Amino acid sequence: MVKTNNHVGRVDAASNHNQTVIDFEKDGADEKLLKNGNLSSNGLKNGEKSEYDRTMTEDINKLLREMPLTEDMTCGFWIFKGKFLQRFANQTSYVILYGLVGCVFSMTYSYFNGTITTIEKRFKIPSRNTGIISVGNDISQMLVSAVLSYYAGKGHRPRWIGFGLSTIVMFCLLMAVPHFLYGPGEDALALTAEFGAIADENATMEVIEAQRSKTLCRSSDGGAECVQGEGNVAPQLVLFLAQFISGIGGSLYYTLGVAYMDDNTKKSKTPALLSLSYFLRMLGPAIGLALASFCLRVYVAPNLHPVIKMKDPRWLGAWWMGWLIIGSMILVSGIFLTMFPKQLPRAKARRMIEEERRKQRETIKNKSQNNKEKLTNCLEEEKPTEAKASFKDMLVTFKRLTTNKILMYNNFSSVFYLFGYTPYWIFTPKYIEIQYRQSASISNLVTGTVALAFSATGVLLSGFVISRYRPRARYMAAWNVIVGFLTVAGCISYAFIGCPGNEQSVIVNIHDSSLSNATTCNSDCHCDYVRYSPVCGENKMTYISPCHAGCKKEHVASTGQKYFYDCSCIPHASINKEGKSTYEGLTSMDLTITENDEKDLQTTTLASHMQSLDADIPGIGGRAISGACPVNCFSQFVTFLVVMCFLKFIGATGRASNFLVSVRCVPEKDKTAAMGFGMMMMSMLAFIPSPIFFGWVLDRLCLVWGKTCTNKGNCWLYDPESLRYTLNITASMFVVLGALFDCGVWYYVKDLKIFDEDVKEIEMKIVQHEEDINAEKKTEI
């Protein structure tokens with residue numbers, strides 16, 4: 001280790017190089033430029049580096065060549081050290097690796113969402129329990145993020161990040177543990193050749209047919225069976241524990257990682273580098289979904305040979321395999337991230353030179369006791385000795401943070417923004433399906449790729465614009481206010497982008513025998529436990545399921561299209577002047593099929609069967625086809641998509657400026673603690689309560705509930721119009737509160753310095769003022 005006074009001595013030698021601007025008693029280049037009016041407000045001359053920047057670069061390079069490599073600047077650990085690794089101890093390597101680690105980390109969220117239905121199917125986990133499992137990481141972040149960030153911020157931050165990533169590896173392993181504890185399951189093993197199963201396409205078709213028949217009106221055998229509520233609780237506890245542990249690693253990665261980046265880069269470069277790391281992290285969700293798709297194509301027991309294909313409803317994919325892949329990727333990348341030094345050499349050299357210059361400013365201050373002190377106070381005061389980490393100091397630090405008006409206004413603004421955005425993050429794909437009748441694949445494609453592309457573009461563009469033009473804090477705060485109110489306008493516009501035809505085409509005819517004994521068209525069908533599978537009747541109205549439409553027969557065409565007939569709740573289609581049905585559904589022109597009738601088994605044609613029904617049973621029910629009745633909502637969907645992409649882009653442009661305000665408004669020593677404190681507030685006030693609140697709001701708008709053997713299941717159908725108004729207006733109210741807090745940030749942020757150039761301008765004013773005083777003294781003499 002090299003003593004501090006030796007460092008200072010070398011800084012003195014370097015700072016005297018070529019009569020640089022540190023010598024405040026002589027005329028420097030910056031003062032001359034300022035007096036001649038050739039220096040722009042941001043310190044640039046004709047778009048080039050200022051003399052201040054050039055001399056700073058020269059001093060840093062000279063100091064790096066002269067000073068020895070200390071322990072806190074050495075890249076690597078144990079025997080993994082050397083010149084090869086040391087060449088990567090720079091900001092570019094760190095930002096790229098940090099972004100790639102974030103990319104892999106963000107894959108965990110999308111992979112979990114992509115495989116959750118398979119996990120629910122394997123362990124019989126109810127959806128409400130899945131929601132509880134998924135907030136486990138938010139609970140741990142609420143409990144430990146502030147404390148961990150305080151203590152870790154005073155230590156070797158890359159090592160602490162490595163510790164956090166090790167907990168993420170543990171999280172991935174725990175997510176796969178239920179498979180190794182409980183195996184693929186008896187049902188899955190029974191479908192493999194090794195356990196005696198025989199490949200039989202007819203068996204698959206029988207299962208599919210059995211599932212189909214559960215949706216029909218079956219008055220004779222009591223209807224569909226109820227769905228079991230849940231299975232073993234132990235796997236659910238393991239999954240919750242895994243999510244809880246991931247919150248610990250996530251808080252360390254996010255708080256320490258960006259703080260280390262900000263401390264080891266030039267302030268003007270932070271926005272661009274931060275945006276680049278955000279962009280790399282945004283690639284993770286798409287890769288995670290692709291990995292989930294790949295793994296689910298592999299059978300849950302890859303070493304066995306299943307006798308069924310993926311189209312079989314009994315198929316279980318290898319949901320656990322992806323967790324091992326992601327865990328391995330995080331382990332390897334985490335090791336490399338841990339190798340970074342406590343301080344990057346170039347950043348440490350810059351701080352040493354800046355500290356020496358600050359001391360020389362203090363020397364100038366002591367020479368004069370006049371109005372110059374007002375300007376000097378704008379500079380950072382002399383840094384006191386940093387207190388060691390302790391519980392008492394932690395309480396003092398958090399008290400200091402809670403009394404910081406800019407920080408608290410900014411945190412509360414983020415809380416309300418996140419609260420208002422929650423339903424869109426969770427519910428957008430389903431919202432598109434409900435409002436605009438788009439398929440699930442289209443909905444996921446729009447939210448997972450198109451919207452992501454606009455968000456990534458906004459993040460990258462804003463970062464490079466801020467780095468290039470270096471706006472003042474108040475301008476960035478004003479932009480956040482504009483973004484907030486534009487978001488409010490967008491949310492309100494969502495409420496008026498509806499599809500009237502969609503909202504008037506559904507018939508909800510649920511018979512509840514506990515409320516009424518009156519006979520209805522489907523009262524004998526026993527539809528209580530029939531799943532939501534909409535059909536379109538020949539009256540152009542959508543019914544909840546074939547059972548609720550009273551349909552007793554089904555025909556599947558060679559194209560896969562399902563036709564239902566003998567539907568007691570659907571009236572016959574009207575006949576036009578040419579004697580043809582106005583309904584283009586099941587007609588007498590269908591192909592010959594083999595029909596298994598309930599009363600007598602015989603081969604017949606569907607055409608003759610339909611003709612016999614029409615001739616022999618007057619008043620027989622109508623017909624239907626699978627799927628909701630087509631409604632043309634494409635123009636409304638495109639409008640919604642345009643507004644959503646605009647909001648994604650605009651919202652993303654405020655991320656870099658919001659971060660800069662939050663880290664510049666606190667002392668350097670409180671930076672990581674402030675970020676951990678903010679994460680605690682987000683988890684406690686937004687991430688945990690907002691899904692519960694909006695879940696309660698959405699439950700009020702449900703038209704059709706599913707049922708299990710024990711209680712109420714998931715919602716099958718929402719009221720589209722009420723959902724559209726309630727969801728968007730409620731969300732916009734929270735965003736309005738966030739925008740109002742941003743107004744408070746704008747008011748208090750007026751004197752905040754964001755970039756090095758802001759401080760440099762004050763230095764130059766002091767220099768100029770000092771020279772004016774010296775000139776006055778000479779005149780007096």
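Cβ coordinates come from backbone N, Cα and C, glycine included.
Under 8 Å from some Cβ of the transmembrane segment (93-112) lie the Cβ atoms of residues 134, 165, 168, 171-172, 175, 246, 250, 253, 257, 260-261, 264-265, 273, 276-289, 291-292, 322-323, 326, 329-330, 333-334, 336-337, 340, 344, 448, all in the same chain and six or more residues away from its ends. Summarising the annotation, TrEMBL assigns transmembrane segment to 93-112 (among others).
According to TrEMBL, the transmembrane segment annotation covers 132-153 (among others). Residues 112, 125, 160, 236, 239-248, 250-252, 255-256, 259, 389, 394, 397-398, 671-673, 675-677, 679-680, 682-684, 687-688, 691 of the same chain lie 6 or more positions beyond the ends of the transmembrane segment (132-153) yet place their CB under 8 Å from a CB of it.
The transmembrane segment annotation in TrEMBL covers 160-182 (among others). Sequence-remote contacts of a segment are chain residues at least 6 beyond its ends whose Cβ falls under 8 Å from one of its Cβ atoms, and for the transmembrane segment (160-182) they are 101, 105, 108, 112, 123, 152, 232, 234-235, 238-239, 241-243, 245-246, 248-253, 256-257, 260, 300, 319-321, 323-324, 326-327, 330-331, 333-335, 337-338.
As annotated by TrEMBL, transmembrane segment applies to 237-257 (among others).
Feature annotation from TrEMBL assigns transmembrane segment to 278-300 (among others).
Look at TrEMBL and you will find 320-340 (among others) tagged as transmembrane segment.
Summarising the annotation, TrEMBL assigns region 'Disordered' to 355-377.
Per TrEMBL, the feature transmembrane segment maps to 407-426 (among others). Within its own chain, the transmembrane segment (407-426) is flanked in space by residues 401, 480, 484, 487, 491, 658, 661-662, 665-666, 674, 677-678, 681-682, 685-687, 689-691, 693-694, 698, 727, 731-735, 737-739, 741-742, 744-745, 748, which lie at least six positions past its ends and keep a Cβ under 8 Å from the stretch.
Marked as transmembrane segment by TrEMBL: 446-466 (among others).
Summarising the annotation, TrEMBL assigns transmembrane segment to 478-497 (among others).
TrEMBL lists 515-571 with the feature domain 'Kazal-like'.
Annotation comment: TrEMBL describes 634-652 (among others) as transmembrane segment.
Within the chain carrying the transmembrane segment (673-698), a Cβ under 8 angstroms from the stretch's Cβ atoms is held by residues 131, 135, 138-139, 141-142, 145-150, 153, 247, 251, 254-255, 258-259, 394, 397-398, 401, 404, 407, 410-412, 414-416, 418-419, 422-423, 426-427, 662-663, 666, 715, 718, 723, 726-727, 730, all 6 or more beyond its ends. The transmembrane segment feature in TrEMBL is assigned to 673-698 (among others).
Nonlocal intrachain contacts for the transmembrane segment (729-749), taken as residues 6+ away from its ends with a CB within less than 8 angstroms of a stretch CB, comprise 405-406, 409-410, 412-417, 419-424, 473-474, 477-478, 480-481, 484-485, 487-488, 491-492, 495, 661, 665, 694, 697. Taken from TrEMBL, the feature transmembrane segment applies to 729-749 (among others).
For 752-779, the entry in TrEMBL reads coiled coil. Residues belonging to the coiled coil (752-779) score a mean pLDDT of 58 in the model.
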Name the range, of those listed as 237-257, 278-300, 478-497, 634-652, that has the largest tally of Cβ pairs under 8 Å with the transmembrane segment (320-340). 278-300
Same chain, outside the transmembrane segment (237-257) by at least 6, Cβ under 8 Å from its Cβ: which residues? 98, 101-102, 105, 108, 119, 132-141, 144-145, 148-149, 152-153, 157, 160-161, 163-168, 170-172, 174-175, 177-178, 181, 277, 672, 675-676, 679, 683
Residues outside the transmembrane segment (634-652) whose C-beta sits under 8 Å from one of its C-beta atoms, at least 6 past its ends, are 428, 432, 435-436, 438, 446, 450-452, 454-459, 462, 483, 486-487, 490-491, 493-494, 497-499
Residues of the parent chain within Cβ reach of the transmembrane segment (446-466), under 8 Å, 6 or more residues beyond its termini: 110, 271-276, 278-279, 282, 285-286, 289, 428-429, 432, 438, 476, 641, 644-646, 648-657, 660
